[in-house]
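Chemist: Feature table excerpt (TrEMBL):
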type	residues	note
BINDING	A:Leu7, A:Gly8, A:Tyr9, A:Gly10, A:Thr11, A:Val12, A:Gly13, A:Ser14	NADP(+) binding site
DOMAIN	A:8-124	domain 'Aspartate/homoserine dehydrogenase NAD-binding'
BINDING	A:Lys100	NADPH binding site
DOMAIN	A:132-310	domain 'Homoserine dehydrogenase catalytic'
BINDING	A:Glu185	L-homoserine binding site
ACT_SITE	A:Lys200	active site, proton donor
2 protein chains.
Amino acid sequence: MISVAVLGYGTVGSGVVEVFRQNQEKIDRCAGDQVRIKYVLDLRDFPEDPVQELIVHDFEKIVSDESVDIVVEVMGGLEPAYTFVKRSLEAGKNVVTSNKALVAAHGAELLKTAKENHVNYLFEASVGGGIPIIRPLVSSLTADEIEEITGILNGTTNYMMTKMFYEGADYDEVLKEAQANGFAERNPEADVEGMDACRKIAILSSIVSGKQVDFRDIYTEGITKITVQDMRYAKQMNAVIKLLATMKRDEEKLEAVVAPFILPAEHPLASVNGVFNAIFVHGNALGDAMFYGSGAGKMPTASAVAADIVEAAKYRNETICEYWSGERLELESRLDVKRKFFVRMSGSRAAYEERIRNTFGKVEFVEADGCEGEFGFITDVMKEGEYEDAAARFDNVIHMIRAAS
Amino acid sequence: MISVAVLGYGTVGSGVVEVFRQNQEKIDRCAGDQVRIKYVLDLRDFPEDPVQELIVHDFEKIVSDESVDIVVEVMGGLEPAYTFVKRSLEAGKNVVTSNKALVAAHGAELLKTAKENHVNYLFEASVGGGIPIIRPLVSSLTADEIEEITGILNGTTNYMMTKMFYEGADYDEVLKEAQANGFAERNPEADVEGMDACRKIAILSSIVSGKQVDFRDIYTEGITKITVQDMRYAKQMNAVIKLLATMKRDEEKLEAVVAPFILPAEHPLASVNGVFNAIFVHGNALGDAMFYGSGAGKMPTASAVAADIVEAAKYRNETICEYWSGERLELESRLDVKRKFFVRMSGSRAAYEERIRNTFGKVEFVEADGCEGEFGFITDVMKEGEYEDAAARFDNVIHMIRAAS
């Protein structure tokens with residue numbers, strides 16, 4: 001019998017309890033042993049819920065109980081999550097989590113603590129919710145050098161981008177609607193400013209490089225400046241606009257950015273709509289692959305947490321994945337990264353065309369219905385620093401959006 | 001040092017050698033040991049190729065060499081592949097393969113032999129080429145009951161369906177083109193009649209159920225009867241036509257079929273075009289997920305084979321996956337499976353409408369440009385047996401295509 005303690009009976013925690021109730025038999029079969037939830041830590045009581053008999057209010061009871069093999073941290077936030085995880089690992093307990101903020105901030109240290117105590121720190125649910133991505137990266141794509149990971153890693157913003165693109169609704173309207181039906185938080189900053197996606201791509205970049213990629217080093221731009229006009233230009237170019245979190249890697253060089261991108265309609269990520277997430281991976285042998293599914297939500301996230309519990313149960317006295325070391329990886333400067341840029345300028349194309357060609361080199365102009373008194377163009381591949389130098393020579397730039405190829 | 005013998009220096013075998021050359025360092029790191037190809041078995045010599053120094057012509061040399069830990073069977077076909085795999089396993093060697101025909105035909109027996117000899121029989125590359133699907137099913141989706149797997153599992157037919165849909169080309173023309181540029185074999189029967197996809201869904205169904213699903217029990221219909229007219233109706237219904245291999249499962253009941261399906265445009269599989277494959281999975285906690293990538297081709301397939309070699313290297317004296325037993329699973333009868341059906345009839349809709357409604361119940365009529373002298377309709381959900389009884393009362397049915405929901 002393997003005993004589990006769940007820290008936090010919120011959305012994900014109650015989902016984990018529910019997955020165990022529904023799929024107990026499958027879980028036991030895959031784990032090769034009986035896996036049972038012994039405690040659920042929460043400050044609250046739940047007198048109407050059968051979970052009540054498992055509820056404890058004091059973490060000490062869990063960490064001091066030697067029969068607890070696996071601790072599931074689904075509280076979120078940095079504290080007390082960090083302290084509870086650290087102490088659980090030090091007590092020789094495996095830890096499973098969905099807490100991306102904690103993994104991104106203290107992953108290297110907690111992985112080291114896990115290794116020193118011959119246990120595992122597993123966090124499949126921290127990226128892409130229910131979508132298996134971390135385990136495929138570390139146990140399936142083992143013969144490939146991963147050269148690119150580009151993800152739609154935030155369901156809230158993808159829902160908003162989809163509505164804006166297909167329904168022509170504007171940003172404020174769509175945000176209000178997303179809040180009204182529960183797809184966006186009252187305070188949506190972590191989603192719309194790209195911070196959530198940034199932590200997720202930091203985790204994936206750390207896994208791929210084997211070194212600590214600090215999320216604070218990743219240039220992050222949210223969707224708050226995207227307008228209906230931008231969407232009209234995208235349609236004109238047979239493209240969509242998506243908030244992408246992307247990393248590219250060439251030998252030891254690694255670049256990462258979170259920003260809205262113009263994405264060609266034929267790209268596999270372009271048809272990922274609504275609250276769904278997807279992660280595009282390019283390996284040097286594999287070529288292109290994509291993993292798609294529910295990036296958030298109670299049951300999908302709980303599915304990934306429960307699968308990590310099964311993994312921890314199978315290998316509970318052996319560290320199976322080291323993921324990454326504490327050595328910090330310095331990212332390529334954003335200014336040195338090459339790509340195309342889509343630019344909107346006010347004024348008439350005719351008046352600026354020559355100056356634009358002289359400054360940016362080869363460009364392709366775009367005009368869109370409903371965007372009068374302005375025009376757009378897409379540059380050739382250039383460094384972001386070069387783009388910025390060129391753009392600084394114009395005082396009529398309305399907006400720039402990076403273009404994915 | 002872990003020694004590998006590759007049986008067959010064809011497309012996949014030479015790809016495996018190439019992946020090892022390119023990604024040796026990553027492979028060794030993930031395997032936790034030096035993994036080296038010691039032999040390549042082929043009847044031919046390759047004097048111009050550095051592989052020549054590894055070439056042997058006699059399988060006995062491999063099976064009798066105790067230093068060989070892993071045998072890679074990438075010859076295809078049933079014999080001598082079966083004998084070589086069986087003898088390798090009996091000699092205590094792990095076997096990795098991309099040979100779906102052999103896995104579908106003798107999987108249960110070879111898995112048992114592997115277990116008896118404390119080694120592994122791994123075949124990630126047999127389904128979906130480079131797309132990780134088997135390992136995610138058995139090691140990531142362990143807390144879910146898998147209720148549905150629906151795949152575009154054959155690149156040749158998906159390429160043809162895509163061309164017919166988007167370019168309005170007819171079947172014979174598209175087949176010739178696919179043959180000319182190497183996407184279809186001279187003898188395309190295994191692809192276009194659905195036999196290749198059938199073996200793949202049989203393997204996935206066996207994994208999900210834990211029992212032997214015999215590919216000969218799966219009703220299989222190819223794409224040879226799909227016409228440009230069918231595509232026109234599909235467009236009219238905001239749908240596409242894809243060759244799907246699908247299994248659905250409810251408790252112990254399992255249904256499986258390979259056939260062309262009308263698929264709504266918003267389904268994640270609908271935008272999988274060209275030679276790409278994708279596998280849609282529905283879990284009772286996870287919800288919908290999809291795995292997308294190159295379903296065939298030298299390097300993607302070799303990537304999956306090499307990843308299995310890494311896995312076998314890590315766990316070479318321990319059977320990590322039993323997958324399924326020899327107990328044969330009886331499938332649900334095709335006649336009892338419920339779905340909608342799209343039907344084309346000759347004649348005028350007005351003349352038949354009342355009789356159709358009386359016989360099929362609720363239906364929705366469709367008319368398409370370029371399909372004069374006929375009409376189409378889509379039924380409500382009904383058993384296939386009921387559909388057949390109803391259709392038998394009409395002598396003007398041109399074609400029926402199942403509809404996916």
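Heads up, the Cβ atoms here are built off N, Cα and C, so glycines get one too.
Where in this structure would I find these features, and how exposed are they?
Modeler: The Cβ of A:Leu7 (NADP(+) binding site) lies under 8 Å from the Cβ of A:Gly13, A:Leu41, A:Phe59, A:Ile62, A:Val71, A:Val72, A:Glu73, A:Val74, A:Met75, A:Ala81, A:Phe84, each of these being in the same chain and 6 or more residues away along the sequence.
Along the domain 'Aspartate/homoserine dehydrogenase NAD-binding' (A:8-124), the predicted structure has mean pLDDT 97.
Within the same chain, residues at least six positions away from A:Lys100 (NADPH binding site) with a Cβ under 8 Å of its Cβ are A:Phe123, A:Ser126, A:Val127, A:Asp196, A:Arg199, A:Lys200, A:Ile203.
Under 8 Å, Cβ to Cβ, and six or more positions away along its own chain, A:Glu185 (L-homoserine binding site) finds A:Thr156, A:Gln179, A:Asp191.
DSSP assigns A:Lys200 (active site, proton donor) to a helix in the three-state reduction.
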Chemist: Mind tallying the domain 'Aspartate/homoserine dehydrogenase NAD-binding' (A:8-124) by DSSP state, helix then strand then coil?
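Modeler: Result for the domain 'Aspartate/homoserine dehydrogenase NAD-binding' (A:8-124), in helix, strand, coil order: 59 helix, 21 strand, 37 coil.
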Chemist: For NADP(+), what surrounds A:Leu7, A:Gly8, A:Tyr9, A:Gly10, A:Thr11, A:Val12, A:Gly13, A:Ser14 with a Cβ no more than 8 Å from their Cβ centroid?
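Modeler: Here the non-site neighbours turn out to be A:Val6, A:Gly15, A:Val16, A:Asp42, A:Val74, A:Met75.
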Chemist: Please classify the secondary structure at A:Glu185 (L-homoserine binding site) using three-state DSSP.
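Modeler: Assignment for A:Glu185 (L-homoserine binding site) reads coil.
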Chemist: Among the binding-site residues A:Thr11, A:Ser14, which residue has the largest number of other Cβ atoms within 10 Å of its own Cβ?
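Modeler: Its Cβ has the most other Cβ atoms within 10 Å: A:Ser14.
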Chemist: Going along the chain, which residues six or more apart from A:Gly10 (NADP(+) binding site) have their CB under 8 A from its CB?
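Modeler: Within the chain, A:Gly10 (NADP(+) binding site) has Cβ neighbours under 8 Å at A:Val74, A:Met75, A:Gly76.
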Chemist: Please list residues from the chain of A:Gly8 (NADP(+) binding site) whose Cβ is under 8 angstroms from its Cβ, counting only those at least six apart in sequence.
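Modeler: Residues satisfying the criterion: A:Leu41, A:Asp42, A:Glu73, A:Val74, A:Met75, A:Gly76.
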